[in-house]
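Here the structure comes first, spelled out in structure tokens, and everything after it is commentary.
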């Protein structure tokens, strides 16, 4: 939260929010079980302790390159021994079936020949087309070569060593690992690594090939993910692959295990991809909403937002208002935190295509503006965190307490960032959500979370005006709101 460039804020009006307050224009709905749930949510926040169930709890392990390689090697040697195949072929089979050994063994017992066909290490007898070229003839360079210089996979499509070398070298230079396949048209067979390595002309290419193979092995493994951090060699291992938050213990990168993108709960992986693509396509929208200034709705003075809190106070007239909707903050909380909920036009389906297009744009802008606003608030609150850190250092240096005495201030700023990050990703979720009782429940929880986050942000930015107990109580409420929303809606 902030005001004009020279202003400081004062205490907020922190009123309780009435979940049953609805706009008069909206149709009256039978609340049914939802109203009971609203009451339950409010009581849950007060009853749950700090050790309450965390819906984001997720067990994972960070592995080094050597540890990952060792785990992969163990799977490979075990499978090769059971199936009586080479280590290279065993790896191709494992890649094709995402390293799920039990499934591979079941398929092998059921139909071993079909397993090898599906893994692309043996040709399909019903579809295999043998070479039509004369003996000792390379089908690529069209040259006659000595028999010992002709090489082929299990498909028996023969090509000269020189053509194989060029084929493999070009693909490795292009970043291909496991994906190197037979040169014959429409032949799906993949080349085992023990076939490729002797064909690479120098150690530099062989080193690249090893890296690409390792990358492909990890990416195909259902329990492993490469850390997306810059130049980070770590691998994350889990027991159950899900769209959950993981953090590398080497570079501290935080990401979604399932899609390796920025963590995005409660929005699922497919939805966040759609949303980010849409935002990128509508780049002009970002320019339209990029302004950091708005006019005070009471005295019209230009106000700059240089803090994360959306509770604004004009330095000139002391009017308290919401940055997002410009509504009076005194009544803001009593109106179901309305500015977080989009009011759709129920008659839009009966209107013209142009009207529907305008409504679609209006809806998108509503959600995008809030998404972008919370992103900016996170950046501004990161600066607040640094100021708190510096202030604590100054107090400790002046013998005004120890780090332990003031640690709660940093904890509050960290929790604020955690809660606001979750809130930011509720907007893509709501944008794509179908209208109905479940969306109304989601919007209620979203509004409750947003209200408590703004209360926490206000207090963090004015920590000297609040005692420790008040701040920690607000932290507890905000975190429980966040956990309640994720428990009910982060189900991927």
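Any Cβ shown, glycine's included, is placed from N, Cα and C.
According to Swiss-Prot, the feature active site maps to 309, an assignment based on sequence analysis.
The feature Zn(2+) 1 binding site is assigned by Swiss-Prot to 138, 141, 160, 163. On its own chain, residue 163 (Zn(2+) 1 binding site) has 138, 140, 141, 183 as residues at least 6 apart in sequence with a Cβ closer than 8 Å to its own Cβ.
Within 10 Å of the C-beta of residue 187 (Zn(2+) 2 binding site) there are 18 other C-beta atoms, taking all protein chains into account. The annotation Zn(2+) 2 binding site is assigned in Swiss-Prot to 155, 157, 182, 187.
In sequence order, 248, 250, 251, 253 make up the list of same-chain residues 6 or more apart from residue 232 (Zn(2+) 3 binding site) whose Cβ falls under 8 Å from its Cβ. What Swiss-Prot lists as Zn(2+) 3 binding site is 227, 232, 248, 251, and the listing cites sequence analysis.
The Zn(2+) 4 binding site annotation in Swiss-Prot covers 256, 259, 264, 269. Over all protein chains present, the Cβ of residue 269 (Zn(2+) 4 binding site) has 16 other Cβ atoms lying within 10 Å.
Around the Cβ of residue 317 (Zn(2+) 5 binding site), the same chain contributes 296, 298, 299, 301, each under 8 angstroms and 6 or more positions distant in sequence. The Zn(2+) 5 binding site annotation in Swiss-Prot covers 296, 299, 314, 317 and rests on sequence analysis.
Positions annotated as Zn(2+) 6 binding site by Swiss-Prot: 322, 325, 332, 339. Mapped onto three states, the DSSP output places residue 322 (Zn(2+) 6 binding site) in strand.
Taken from Swiss-Prot, the feature compositional bias 'Polar residues' covers 1-11.
Under the heading region 'Disordered', Swiss-Prot lists 1-37.
Residues or ranges marked as region 'UBA-like' in Swiss-Prot: 64-111. Counting residue by residue with DSSP, the region 'UBA-like' (64-111) contains 39 helix, 0 strand, 9 coil.
Taken from Swiss-Prot, the feature region 'TRIAD supradomain' covers 134-343.
Positions annotated as region 'Ariadne domain' by Swiss-Prot, on the basis of similarity to another entry: 358-492. Across the residues of the region 'Ariadne domain' (358-492), the predicted structure has a mean pLDDT of 93.
Positions annotated as zinc finger by Swiss-Prot: 138-187 (among others).
Taking DSSP states H, G and I as helix and E and B as strand, the zinc finger (207-269) has 15 helix, 13 strand, 35 coil. Residues or ranges marked as zinc finger in Swiss-Prot (evidence: sequence analysis): 207-269 (among others).
Taken from Swiss-Prot, the feature zinc finger applies to 296-325 (among others).
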Taking the Cβ of residue 160 (Zn(2+) 1 binding site) as the reference point, list residues of the same chain whose Cβ is under 8 angstroms away and which are at least six residues distant in sequence.
138, 140, 141, 143, 145, 149, 150, 151
Coarse DSSP state, helix versus strand versus coil, of residue 160 (Zn(2+) 1 binding site):
strand
Densest Cβ neighbourhood among 182, 251, 259, 309 (recorded positions), 10 Å radius:
309
Residues near the Zn(2+) 1 site, 138, 141, 160, 163 excluded, by Cβ within 8 Å of the Cβ center?
139, 140, 142, 143, 145, 159, 161, 162, 164
Within 10 Å of residue 322 (Zn(2+) 6 binding site) (Cα to Cα), which of the recorded positions 157, 182, 256, 309, 314 do you find?
309
